[in-house]
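These notes concern the structure reproduced below.
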Amino acid sequence: SKREIKMRKLDSTKVRPLKSEQLLHIEDHDFALRPGFGGSPIPVGIDVQVESIDSISEVDMDFTMTLYLRHYWKDERLSFRSNKNKSMTFDGRLIKKIWVPDVFFVHSKRSFIHDTTVENIMLRVYPDGNVLFSLRITVSAMCFMDFSRFPLDTQNCSLELESYAYNEDDLMLYWKHGNKSLSTDEHISLSQFFIEEFSASSGLAFYSSTGWYNRLFINFALRRHIFFFVLQSYFPAMLMVMLSWVSFWIDRRAVPARVSLGITTVLTMSTIMTGVSASMPQVSYIKAVDVYLWISFLFVFLSVIEYAAVNYLTTIEERKQLKKRGKASGMYSMDAVQAMAFDGCYHDTDEDMDLSPFPEPCEENETRASQTNISNADTPRLKRKRSLKGNVGRIILQNNHVIDTYSRIIFPSVYIVFNFFYWGLYI
């Protein structure tokens, strides 16, 4: 009956729903052209929320950032009737059928739109034709870093957005809400950097073949945490320099001890410098950490040269004394160093250095001495041995060269002054 047919028409569940293409009149327009083609440039507002800064690489000079990128523009071709003035939200499947701004990241190395569980794309269309287009993107872009003050540096990086095809005559790119268009997550943190500030700015970029383009900048400043490098580089370098000074208090006749200590500290400093250089780009200028490590290496190296000078001057002095003594009754008068090198026994005074031209080994001398009837307890040699422990400090002081005495004061004083100027200059 007619009444039943009328009831079916009023039943909304029986009415076939319209497709989004029909509701937005997509098939009636050519969306290959921008809105208002041939007229004034279309304004496209940008809004960015930074979710995280994933990494900063000094070697590659880049950074990786995850952000929400939102576009705002008006396309009257997408306007539709709505009794309640409500917007419609779509996913990424409608993007390929309408016009969207072709914003790209300048100086980007790689970027991608997240696609788990589906592409992170949102399109919201309002009845008057206003459009909100949102993406979740991870992008890696270049950051031109200056390492002249590394690791006491502050790096200024920026992520730049620009239209690829439309210059300023066709598209006007601007921040939607001024400085408030850039927002960040409160929990953003980095292991080696402290984020000092985020700011938004805009400018123009010129290309000789295509003209002027609007460009937007996401600027942020990164200040490096110094504590990690103090523990890994500066503090070990300080310890190696101070350890090299220990040789100034060692007897100048203890050649193996002083040479081994000097070579060990030099090799350790070389290892520290190699480790720092391996984690940094091969730049052509000197970094602040290079200045400190090379000066520290120079102090360690000079401590080795200092003992070389002490040993050389001591040898010359002993040769002169040996010539003055001459030969007496076919006996050679030798000093402690020459006597030790000759028979392998330690001699602490000049009384114990009169050796025959063909001395017997020290073990045989001890055996012969043990067979004598002289009481060993009363011999001067044993008395000297008993008093040796109590006079170690006096013996070391008497057997140190004058260069060692001055080095104990000059080396620490100059190193303290260097540290004072270094930290005052870079901090």
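Cβ atoms are placed via backbone N, Cα and C, with glycine included.
Keep in mind that TrEMBL annotations are predicted by a computer and have not been checked by a curator.
In TrEMBL, the feature transmembrane segment is placed on 259-279, out of the ranges 91-111, 196-216, 259-279. Assigned with DSSP, the residues of the domain 'Neurotransmitter-gated ion-channel transmembrane' (234-323) fall into helix, strand and coil as follows: 76 helix, 0 strand, 14 coil. Confidence annotation: the domain 'Neurotransmitter-gated ion-channel ligand-binding' (26-225) carries a mean pLDDT of 91 in the model.
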